[in-house]
Amino acid sequence: MPWLASKAWATSRPLLSSTPLPLPRHLHLAPPFLLDDYIPRYLLLSSVEASRKRSAAYAHLRNCNLCPRRCSVNRYETAGVCLIGAETAKVNVIAPHFGEEPCIQGHNGSGSVFFSGCSLRCVFCQNHDIAHQRNGFDATPEELAQWYLKLQDVGHVHNINLITPEHVVPQVVLSILHAKDFGLRLPIVYNTSAFDSLESLDLLNGLVDIYLPDFKVWTKASSKRLLKAEDYASAAMESIKAMHAQVGDLCFSPDGIAKKGLLVRHLVMPGKENEGQEIMQWLGDEISRDLFVNLMEQYRPDAYVGKPLRSSRASSRPASLEEATTNKPGAGPSSTTSARYSEINRTVTGHEIWSVRRAAEDAGIWRFCDPVRHDGFNL
């Protein structure tokens, strides 16, 4: 009899009362930041709103004001500081990317699109071969849309991650609207230096789900010397406020993948910890204490930092900060008496990183993208 057989099987098994089965594990997220379901914002646009976005995108290209430099050029005829025209965007790499925050890259990667060109000229840029040059291939908005769909349908990525897109916002807007019509359903990540204009962010409103700005430096002196944009900090403050007003604090689905909101990065730089502290204080006071922050520790001398001074410059003027020897803790082997930007020609110290983190906590910020502290995958 089936019942007897099952009874015999049950009695022949060892008793398990002393070793209870483990309870299922769940990812616990605070309810305000947990989404049961999420529909990307661009899927909620009406056809009328989409048409208005298209018209506005073309208008921006004819009188460019996409970044605070406000070149005001007709990009169908010439290019501004970014060196990019109107018909296409210059793209360097399109691929699933596993170098982002765990909540952005997930297990399948972030569908990253690295745009060539940039409105800034950061002397320490770790992507300077992409951002400072026009390396890559030209892609129309329609072709970009097809790439988004490939990333979604073939790569199974968690989002479309637009990296350094500030100078090609009209092309990006048109590409998202094209992809929407052909079945894109992933959140859009706008991965920016925060050197955006309010007009540009207004064009993106309703299309971007996650804003991922990097607030770099605080003072005008650092902005002018290291970014070649004296008004960077004021532009970043204005931009980040507008981004937060659009999407709010970072929210997740139950699997720990970010779906909407603002995530601010700050690359801690050698000797600039005071500026990082000011940035953290401003973020806590003016944006949100529930802001999600990534304090990045991976600064290294790159691009123009540590390169030898031109002999003509070195001989025509007295020694200055650029020529000074770097003897601070954390200084690397490339620190020399004739290095360019020698004040940042080293890695950061643990104390510098800790001091910025402490300032963020003192400002009331508590949501951090901390390094993984176990052998598993950090979500």
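These residue numbers are counts, starting from 1, taken along the chain as shown.
Using N, Cα and C of the backbone, Cβ positions are placed for all residues, glycine too.
What TrEMBL annotates here:
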- Cys118, Cys122, Cys125: [4Fe-4S] cluster binding site (BINDING)
- 308-324: compositional bias 'Low complexity' (COMPBIAS)
- 113-245: domain 'Radical SAM core' (DOMAIN)
- 308-340: region 'Disordered' (REGION)
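Take the binding-site residues Cys118, Cys122, Cys125: by the count of other Cβ atoms within 10 Å of each Cβ, the lowest one is Cys125. A mean pLDDT of 94 is what the model gives for the domain 'Radical SAM core' (113-245).
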